[in-house]
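The structure appears below as structure tokens.
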Amino acid sequence: MARWSHLASLAVALALVQAASSAHWLNDYFFTDGNVRATYDASGQQVAMVSLNQQSGGGGFNSKKNFLFGEFSIKMKLIPGNSAGTVSCFYLSSGTDDYRDEIDMEFMGNASGQPVVLNTNVWANGDGKKEHQFDLWFDPAADFHTYTIIWNPVNIIFQVDDKVIRCFKRYADLAYPNAKPMAVHATLWDGSYWATEKGKIPIDWSHAPFTVTYRNYFADACVGGSKCPAGSGKWMRRQPSKAEWGTISWAEKNFMRYNYCTDGWRFPNGLPAECSRH
């Protein structure tokens with residue numbers, strides 16, 4: 001009986017350690033850089049606040065581990081009001097070299113009253129230019145919303161809350177990010193030269209500091225160079241269902257602002273090969 005009691009106490013203790021670890025996700029899983037402040041919400045969950053001002057710039061956090069395939073998500077509350085010129089990001093990247101792999105969710109700030117634009121992009125061996133951009137159909141500064149990247153050997157899925165909005169397929173003869181482990185990043189920076197109306201509307205620093213709030217980070221992923229976690233099959237083989245292809249069509253029809261596969265001016269020698277294979 002005493003041995004059972006000891007084991008039960010140990011199990012409770014381990015459960016508490018695991019719960020505490022998940023509650024302190026920023027400290028446990030990330031390095032921080034620049035203007036990042038950690039606090040806690042009423043439930044005891046850690047919240048990261050990343051700020052941007054003219055004097056000291058922006059900030060972000062970068063994962064301590066690199067991953068090769070996985071499911072990654074985070075809840076974000078974006079900048080309220082006039083956020084034109086700012087770029088808030090949640091993305092994966094293998095580095096900063098000219099041959100990097102990268103998977104991006106970038107939120108391009110707006111002038112007050114205009115929609116925030118979500119830019120999704122995929123880089124493979126330094127080749128990007130695969131943007132799909134969407135006007136968000138809700139106010140992303142009014143509350144937290146969940147943004148998810150599912151990356152496996154078959155496809156890359158981008159999801160907003162419960163809606164799949166894009167699937168980037170792998171083709172055997174085309175470049176795809178499948179060999180370079182990538183770190184998870186979240187950043188906030190000055191993108192005045194590019195972000196809002198193709199750079200026509202820069203940051204109005206009178207509204208600074210600009211702050212993005214992150215919470216509830218989740219990763220179920222294979223750490224680069226080691227085994228994948230138990231149960232990884234649920235995302236390792238995942239492809240959009242028929243219903244999810246329906247939400248992709250819905251997003252494209254109603255909210256797509258830019259599709260690289262229709263930009264003949266950008267690709268005068270012909271559109272990328274995958275554009276004709278959907």
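Glycine is treated like the rest: Cβ placed from N, Cα and C.
Keep in mind that what you see is a predicted model, and the values were worked out from it rather than measured.
Long-range C-beta contacts of Glu102 (active site, nucleophile), restricted to its own chain and to partners at least six residues apart, with a cutoff below 8 Å, comprise Tyr91, Leu92, Ser93, Ser94, Asn121, Val122, Trp123, Gly128, Pro177, Met182. What TrEMBL lists as active site, nucleophile is Glu102 (among others).
For Glu106 (among others), the entry in TrEMBL reads active site, nucleophile.
The active site, proton donor annotation in TrEMBL covers Glu106. Note on Glu106 (active site, nucleophile): other Cβ atoms within 10 Å of its Cβ, all shown chains, come to 21.
As annotated by TrEMBL, domain 'GH16' applies to 2-214.
Sequence annotations record features per position, and here TrEMBL assigns N-linked glycosylation site to Asn110. Under a cutoff of 8 A between CB atoms, and with a sequence separation of 6+ in the same chain, the neighbours of Asn110 (N-linked glycosylation site) are Asn82, Ser83, Ala84, Val116, Val117, Thr196.
If you look up TrEMBL, you'll see 1-22 marked as signal peptide.
The domain 'GH16' (2-214) scores a mean pLDDT of 89 in the predicted structure.
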